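One structure below.
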């Protein structure tokens, strides 16, 4: 017959003493889905650590699917449904903007910052600001370039605002739509671990456009070299964030398809920035200085007449 | 103890009314005749009085915008007459730019209209989606009325442009537009910021800033032909 003392739980001392000395082992602690394992922080991407990260991302995505189902339970014709897409605080928006401009290898923008709370505030207002930034900066830059030119009559060029709006909103919504459809199609063939919802892709693209706002303002400087350096820097920053976000999603696919997808993403991004620079900003190399006013040709004409 | 209670409530049983006696009587609402009088009087009053009353309401709101204090008058009785008048006058004053030239000129009348109203609607939707407690038309009313400083600025710019063009001319217009832009933004923020949740105030105020910035740019870049 067992006494009460026999049934009492025996103390085994501190559990840390029982484990072998950690040494080089990677201890993965899965307490907080958003918390990264301490071993992989700051280290370059190795295959093993990436798997851990992806597994964490996987459990995160499982939970996020449940949470997403719980959150967005209102039917789509009610106002509350759309309020769930604006459930962000000021500091969260700032964090996401910061994360979109600082690509750190190993950090996935979606997993780290969005974390099943994609918002539409950022993409919409960043695109709106970018539209006006490009139109106004382009107008102002043209004004400065043609400043001494007597033949130039300044116009506000308001049409260009609607052109800029169409281009940027189309890029920010149609490209994510195409990419999401493509990823969905490939996911049906290849079981990839990481998959993004449509809103998360829209979020990534929207926030990645933020770096072009200061770039557009700096494009006022009428030096060709400066402008191209700015294009390179902006493209490098936001392009690498995009690449690092989407590489885990296409990595498991056929090698050529994966590389083609990433190249297309970067190419479209480049096309947007170069296209905006070419269309809205006049080339500064043409010399519009007052020294090229019609006076010298007139002088030549009068000397020719005198010679005759 | 129970018996004492019973005795206290004993007399109350007599107060109950038996079921076969119907309860009837007359209930008069003392204010009813007064409200009937009101409807009667506003229908019958001369048109001039009605118009003057509405104009006074609009004028009172203009004063509230020019001296923004945290009063509820703008919010409580909203109306959209003031914003309409301001928007139309602003759009009219922005005409007469390089309209007949071949290049792209300033904004057309319809473009100004669309920007002001569509912009106000989008900002209102944005603040409601972020969890603001203000009603749709109240917010439209505030945003529309706060265009008043910018309309005054446009008027001043057009008067200044009657003088000769030059850098001093531009500088005066620039200072005036900047001052009016700051006034508009501060006025509308004073009325609207309280209705936002505290950790999202900046998110709701930024679109208002962008809205008035765009209108200021349209005013500043206005060049007569």
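Sequential numbering from 1, following the chain as shown.
Cβ atoms are placed via backbone N, Cα and C, with glycine included.
Marked as region 'Disordered' by TrEMBL: A:20-62. Positions annotated as domain 'Yip1' by TrEMBL: A:101-273. Look at TrEMBL and you will find A:120-141, A:161-185, A:197-222, A:228-250, A:257-281 tagged as transmembrane segment.
Panel annotation: around the transmembrane segment (A:257-281), residues 134-135, 137-138, 141-142, 160, 163-164, 167-168, 171, 175, 179, 182, 186, 208, 212, 215-216, 219, 227, 231, 234-235, 238-239, 242-243, 246-247, 250-251 of the same chain, lying at least six beyond its termini, place a Cβ under 8 Å from a Cβ of the stretch. Of the two recorded stretches, the transmembrane segment (A:120-141) does not lie close to the transmembrane segment (A:228-250), with fewer than three CB pairs under 8 Å once pairs fewer than 6 apart in sequence are set aside.
Nonlocal intrachain contacts for the transmembrane segment (A:228-250), taken as residues 6+ away from its ends with a CB within less than 8 angstroms of a stretch CB, comprise 50, 54, 57, 99-103, 105, 107-110, 179, 183, 186, 192-196, 204-205, 208-212, 215, 218-219, 257-258, 261-262, 265-266, 269-270, 273-274, 277.
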